[in-house]
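Comments concern the structure below.
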Amino acid sequence: MKKSSKEISSSQSLKNGGSDHFFNTSLMYVLAACLASFIFGYQVSVLNTIKNFIVIEFGWCTGNKVECDDSTLKSSFLLASVFIGAVVGSGFSGYLVQHGRRFSLLVIYNFFILVSILTSITHHFHTILFSRLLSGFGIGLITVSVPMYISEMTHKDKKGAYGVLHQLFITFGIFVAVLLGMAMGEAPDAKSVDALGEFQKIWWRLMFFFPCLISILGIVLLTFFYKEETPYYLFENGKIEESKKILKKIYGTDNVDEPLKAIKDAVEQNEAAKKNSISLMRAMQIPSYRNVILLGCILSGLQQFTGINVLVSNSNELYKEFLSNKLITTLSVIMTVVNFLMTFPAIYIVEKLGRKTLLLCGCAGVICAFLPTAIANQIDSTSAFVKNLSIAATFVMIISFAVSYGPVLWIYLHEMFPSEIKDSAASLASLVNWVCAIIVVFPSDIIIKKSPTILFFIFSGMSILSFLFIFFFIKETKGGEIGTSPYITMEERQKHMGKSAV
């Protein structure tokens, strides 16, 4: 019996590890990029378990109150410096990705080799602060480069699932950073004057060096195995046959006319936008474009006010208010394991439930976690029940974030903007995200020492605001074509881009 063309196409797709399966050629490219996501998570969390060891080795706090207050301020700067650097990096990322998505990843990996070496040999506050600022700069580049690479290197039906891998590897990096920190032993008090052991003096430096090894692996993969640029970038630069070739790998079939046409349409729209000078500044003067940019920036900024980066970068300090030193790092490790594992469900439900529904569920989870906890702490923060409730609340929050706001935001930011402003608008939204991270993380050390209840009230209140904002203003993007936006009609875009955008 003669097979139909559909059957032949299907069998060929299976033979090539096509798009019907989660594990296929496209996934290999995505994983090579997600090593940068791992570095992102690792760098954000690495100070969580070793910060106090650094304070002791550098002798920032030896018992004098003024000296120790100054030490707390230094610790706050070290925590926030990554996010300050990320603001600059995310602002620069839009320029970098214009030279190639794969190229930007190679720049990032080479950059982190240098940064890892610099951080591991530091001996002074100013040098470690500078190296942490550089780490943040690299992270800022990652926030735009990796999601864009994944979005353009992925089958249309897998964009959501593969997009979640960016967040999954971030959580894995967070987990590994805290796990390696366990080798340092019991979390010390920053005011301790006891000298560190030889192993501890070496180990915290090796922890800073570790991303260098991951970066080398990333360079090897992108240089020798996954050498192609994204099909969108290739087509945009006139390399149509090369674009078609990589699309065949991604889709697992020789028939790639439909995705090629989608890229062609998106590139033509983008070309028309460039001819008509739809810059970010001009877009902000056009109501329809300004609205979608503001929505993306607000959504991105609100993510930080769930409190995620306080838990990721400073959970040890928070848990000190509720636990003995012996259990602090262990609990932080358990928290990062939960964070990592609970990102997996998002891979499967992001395409089933959609982006908006997941965002709403995540905000509701944070509200349910922190609001009762804040009220309970206000009534009696000394009771064992309230302390246990506070610890449980952090886990409920982590679970809620891991399956929703964490992975979905970065997918959404690359689906909500039309192609003519996508690069610059996504970069601006990422920049806003990092500015808000600084606002939240920098005072966290001081606020935790004063009263964790304040943080619980802030995070629950902002999550209520986030829920209302998403419910009333955010639209679904699931299943949308590349380069389109549910917020701006093609007619509206043509009005500003010209008829050539059709």
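Along the chain as shown, the residues are counted starting at 1.
Glycine is treated like the rest: Cβ placed from N, Cα and C.
The predicted model assigns the topological domain 'Cytoplasmic' (1-26) a mean pLDDT of 48. Under the heading topological domain 'Cytoplasmic', Swiss-Prot lists 1-26 (among others), citing a curator's inference as support.
What Swiss-Prot lists as transmembrane segment is 27-47 (among others).
What Swiss-Prot records for 48-76 (among others) is topological domain 'Extracellular'.
Sequence annotations record features per position, and here Swiss-Prot assigns disulfide bond to CYS61-CYS68.
Annotation comment: Swiss-Prot describes 77-97 (among others) as transmembrane segment, evidence class sequence analysis.
A Cβ distance under 8 Å defines the sequence-distant neighbours of the topological domain 'Cytoplasmic' (98-102), meaning residues of its chain 6+ beyond its ends; these are 145, 148-149, 152-153, 222, 226-230, 233, 423. What Swiss-Prot lists as topological domain 'Cytoplasmic' is 98-102 (among others).
Residues annotated as transmembrane segment in Swiss-Prot: 103-123 (among others).
Per Swiss-Prot, the feature topological domain 'Extracellular' maps to 124-132 (among others). Note on the topological domain 'Extracellular' (124-132): residues 47, 54, 58, 60, 74, 77-78, 81-82, 85, 115, 118, 208 of its chain, located 6 or more positions outside it, place their CB under 8 angstroms from a CB of the stretch.
What Swiss-Prot lists as transmembrane segment is 133-153 (among others), and the listing cites sequence analysis. Away from its own ends, the transmembrane segment (133-153) comes close to residues 26, 29-30, 33-34, 36-37, 39-40, 43-44, 81-94, 96-97, 101-102, 104-105, 107-108, 111-112, 115, 118-119, 159, 162-163, 165-166, 230-233, 246, 250, 410-411, 413-415, 423, 426-427, 430-431, 433-434, 482 of its chain (Cβ-Cβ under 8 Å, at least six residues beyond either end).
According to Swiss-Prot, the feature topological domain 'Cytoplasmic' maps to 154-163 (among others). Within its own chain, the topological domain 'Cytoplasmic' (154-163) has Cβ neighbours under 8 Å at 19, 22, 26-27, 30, 147, 250-251, 259, 262, 347-348, 350-351, 355, 407, 410-411, 414-415, 478, 481-482, counting only residues six or more beyond its boundaries.
Sequence-remote contacts of a segment are chain residues at least 6 beyond its ends whose Cβ falls under 8 Å from one of its Cβ atoms, and for the transmembrane segment (164-184) they are 30-31, 34-35, 37-46, 48-50, 53, 146-147, 150, 199-200, 203-204, 207, 210, 312, 329-330, 332-333, 335-337, 339-340, 343-344, 346-347, 350, 402, 406-408, 410-411. The feature transmembrane segment is assigned by Swiss-Prot to 164-184 (among others).
Residues or ranges marked as alpha-D-glucose binding site in Swiss-Prot: GLN167, GLN303, GLN304, ASN309, TRP410. Take the CB of ASN309 (alpha-D-glucose binding site) and look out to 10 A: across all protein chains shown you find 25 other CB atoms.
Counting only residues at least six positions away in the same chain, the Cβ atoms of TYR405, GLY406, LEU409, ASN433, CYS436, SER466 sit under 8 Å from the Cβ of GLN303 (alpha-D-glucose binding site). As annotated by Swiss-Prot, beta-D-glucose binding site applies to GLN167, GLN303, ASN309, ASN339.
Residues or ranges marked as topological domain 'Extracellular' in Swiss-Prot: 185-205 (among others).
Here Swiss-Prot flags 206-226 (among others) as transmembrane segment, drawing on sequence analysis.
Summarising the annotation, Swiss-Prot assigns topological domain 'Cytoplasmic' to 227-291 (among others).
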Region pair the transmembrane segment (330-350) / the transmembrane segment (454-474), three or more CB pairs under 8 Å: no
The topological domain 'Extracellular' (378-390) - residue tally per DSSP class, helix then strand then coil: 9 helix, 0 strand, 4 coil
Selection from 77-97, 357-377, 454-474, the stretch that has most Cβ pairs under 8 A to the transmembrane segment (27-47): 77-97
Check: same-chain CB within 8 A of beta-D-glucose site center, minus GLN167, GLN303, ASN309, ASN339: ILE170, THR171, THR306, ILE308, VAL312, PHE401, ALA402, TYR405, GLY406
Those residues of the chain, 6+ apart, with a Cβ under 8 Å from that of GLN304 (alpha-D-glucose binding site): ASN433, CYS436, ALA437, ILE439, VAL440
Cα-to-Cα gap, ASN309 (alpha-D-glucose binding site) vs ASN339 (beta-D-glucose binding site), nearest whole Å: 12
